[in-house]
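Annotated features in Swiss-Prot:
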| type | residues | note |
| --- | --- | --- |
| BINDING | HIS186, ASP209, ASP213, ASP307 | Mn(2+) 1 binding site |
| BINDING | ASP209, HIS211, ASP307, ASP309 | Mn(2+) 2 binding site |
| SIGNAL | 1-20 | signal peptide |
Amino acid sequence: MALQSLFLILLAGAAQLAQAHPKIFEQSRANAVETFDDAFPGDGETQADSVFSGIATFGRLPYWKCLNDKSQSFDIAFLGAPFDTGTSYRPGARFGPSGIREGSRRLNLYGGYNVPMETNPFNNWAKIVDCGDIPLTSYDNAVAIKQIENGHFELLTRKPTSYSEKDGYALDGSVLPRVITLGGDHTIVLPILRSVSRAYGPVSIIHFDSHLDSWKPKVFGGGKSSVGSINHGTYFYHASQEGLVSNDSNIHAGIRTTLSGLSDYDNDADCGFEIIEAREIDTIGIDAIIKRIRDRVGDGIAYLSIDIDVLDPAYAPATGTPESAGWTTRELRTILRGLDGIKLVGADIVEVAPAYDFAEVTTLAAADILFEVMSIMVKTPVYKEQAKQQSRFY
C-alpha cells in the first residue's frame, strides 16, 4: 500500500513537470535569444532574410537611380558598365555587373567587418550606394564609349556627402566622390580615364592583369578603323597618347601573357608603365611586390584597375581571356591590403563573364576583391587639410 502511494506521488510530480516544461523551455529560449542579440553586432534575421529577397545590389547596399536623380549625395558609388564588344576572345562580360552583385550578397551578412584591414566599410563615415548600370548601346562602340565617359563623369563630379568643405585633389581643388565600376570588358577603362582626367588631370595607374593592354592598335586587332582600334588590349596605349596617365608612375602587376615580341615591353615603357610579372611572386614574394607598387605610385592620387584574369583560372575561370599560372585569390587580396593608405580616386573590376563560371567561383572572388578596395577607400579619404574654394563641379 505504501509502495502504491509512492508511485502515485511520483506520477503526479512527473505530470506537473511535464506541464511546466514548455513554459520553462520557452523562457530559456527567450533568454538565450535576447542574450545572443545583445552580445553580437549586425541585425540578425533581418539581414539574413534580405540575402534572398529584393533586387541584388553590391553587398546589399541601397540602390539609387543616381544618373536620373541628382538630389542624392554619396561618397562612394558602385556603377555598372555592361559593355563587352571590345573583346578579342570570349564575350560575356556585359553580364559582369549583375554577376558580381549576385556574388556579393553575403558580404554584409554578419556586419561586414574586414578583420585584416581592421575596418567596416559598410558601417563607417562613407555613404556608399549602388547606382545601377549605365544605359549602353550594344550596337555602336563609339556611342557606348561616350556613354560610359558621360555616365561616369556625371557621378564623379557630384558633391560628396562627406568632406565637401575640405580641400581636394580635383583640378578646381574640390573633394569628389569615388566611383567603383563593375565591368564590362577592359575597354571601359579608356572612357573612365577620360572622365577622371577631366576632373583630376593625369593620374597614376595601378593595374592588375595577366595582359599588358598597352599594345599599339596595329599589333592588337590591326587598327582597321579608329573605332576598331579601341579595344580591351589597346586602351592604355590610347590613354597614354591622350595624356590621361601620369608619366612613369604607372605599374602593371600579375603579367604573364605572350607577346608579339620584346618590342611590346618597349612600347609599354613608352606608355609610362613598370611591369611586375606573375612569376615574380615566387622569387621576391608578396611584400616586395607591395613595395614596388607603392614606390612606383608614390604619394599622389591613383586609379586602380583590376582584370579578374590576374587570378589563375582555377580561382577565376569565368573570364574572356584566361591565362594559366596566375595568382591565387588569397595572394591578390593580401597584395591589395598592402596598398592601404594609397589615395585611390576610383577603381574598377572587369572581364567577369559569368556564363563561364561554376558555383559562382569567379563572381564571389570579384566581390571579395572589391570588398578590399572598399576598405582601402574608406580608410583613406582623398582630401587635403586646407580649407577649399567653391567647386566649379557643384
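We count from 1, first residue shown onward.
Just so you know, glycine gets a Cβ as well, placed from its N, Cα and C.
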Among HIS186, HIS211 [binding-site residues], residue with fewest other Cβ within 10 Å: HIS211
Distance [Cα-Cα, Å, rounded] between HIS186 (Mn(2+) 1 binding site) and ASP309 (Mn(2+) 2 binding site): 11
ASP307 (Mn(2+) 1 binding site) to HIS211 (Mn(2+) 2 binding site) - Cα separation in whole Å: 9
Whole-number Å value for how far ASP213 (Mn(2+) 1 binding site) lies from ASP309 (Mn(2+) 2 binding site) (Cα to Cα): 12
For HIS211 (Mn(2+) 2 binding site): DSSP state (helix, strand, coil): coil
Near-site residues: Mn(2+) 1, ref HIS186, ASP209, ASP213, ASP307, CB cutoff 8 A to centroid: VAL189, HIS207, SER210, HIS211, HIS232, SER305, ASP309, VAL350, GLU351
All-chain count of other Cβ atoms within 10 Å of ASP209 (Mn(2+) 1 binding site): 27
Close in space, distant in sequence - ASP213 (Mn(2+) 1 binding site), Cβ under 8 Å, 6 or more apart: HIS186, HIS207, HIS232, GLY233, THR234, TYR235, PHE236, ASP307
